[in-house]
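Working notes, beginning with the structure itself.
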């Protein structure tokens, strides 16, 4: 059959046995990829520093998804939080990877079996003997089973009734761990950042799915609806399935990019909006202010800021800073973070505290401008020194570090002050190792950015696929010129309009 590449799937259009076979093979490929990718990531993952070199800095993609569902231990003897363990149990990272690979192999064998034994009795209509599927009944079965799985996940896995729970953290991504979650049945369950909504929504959606599945198993669709929506056509199934997938892809692209309880920043990295809004900076200043109110010194107050919190407040961890087509992990970009140098506080010769204006997300370069507490520009690094009025040299700017590795160190020479002012544009200042991975200094995106871009792109493609296949199945008679409900035997070429004896073709 000389089919073009874009029409090869027509070979399984009227062959339910082999249609099932190719779908099982597809599942084998998906599960095989997931298991293999997990093993690859585990081979290259360095768990030694969960604070400054977490999974998202290393470009891990499947490890965060396993972790958010409750997997934290490795057969290598390490724990995702940085500790060591002696008894990881079967459901470690490697155990999950192995389960996917074994499942993939079983699906591979099942696909071959169904390809060879395609002509099963279950696929044929007992009245006509032709291949036929009761699609509304199959829909009911699948909806019931999906509802059961959804309910079970929410009621048992997430709640810890029979399972580990899910990854839960505080709003600043500091205390994350796997723990059971109680369902949130009030209005708070609709807050995308409340983990309890994950449990309650799965329980509610699962219950609805079970009831809807039973409904579709026990009630047949009306004839007019069945014919109007072409429920007997397998391409209707394809169209509606694509709709479900693209809708889900758009939703998860949103929850990933804007953040939610299901995409913790400890596993996927911070969102760009946390940089844009100064989210971590405000919390750091709040903590320092609270420390100063308790009569702590600047040095003491800044030394109590967790390194993890300071690291989030660095533009290199903003997923929108990496170009879409810059391959590699964040560590391959600006390097592996080694330590926090501390918070620089700039002052002019009159003793005013100055603040460096931070670089907005979508700038590659940005002028170095220092403002006072009222937002008045007091110093800058000028483009043309001949016309400068606020240069570091003229204003006499000095810098002193509080907290971190340079705690208590101050600099007054203009070259060093300007160096740290430039670095302060990018948030908190960190020492970065660019030698180990030969990092090129160009920012990369985090798995949060890749996931969003991939799912938004495929959702758009699948949206068009839904329109395409939906219109094909709804207007099949128009496209083919054949009434799908035509029962009488017709002779091709005998009539101007197929099957219409009033327009018999004129013999020339």
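Each Cβ is built from the backbone N, Cα and C atoms, and glycine gets one as well.
Looking up the ranges 5-20, 21-36 in Swiss-Prot, the one annotated as transmembrane segment turns out to be 21-36. Checking the ranges 425-440, 441-456, 457-472 against Swiss-Prot, the transmembrane segment annotation falls on 457-472.
The range from 56-70, 71-85, 86-100, 101-115 that Swiss-Prot describes as transmembrane segment is residues 101-115.
Swiss-Prot lists transmembrane segment for one of the ranges 171-186, 187-202, 203-218, namely 203-218. Note on Swiss-Prot: of 123-139, 140-156, 259-275, the range annotated with the feature transmembrane segment is 140-156.
Looking at 237-252, 285-300, the range annotated in Swiss-Prot as transmembrane segment turns out to be 237-252. 21-36 is the stretch from 21-36, 140-156, 203-218, 457-472 with the greatest number of Cβ pairs below 8 Å to the transmembrane segment (101-115). Long-range contacts of the transmembrane segment (203-218) within its own chain (CB-CB distance under 8 A, at least 6 residues past either end) are made by residues 136-137, 139-155, 183.
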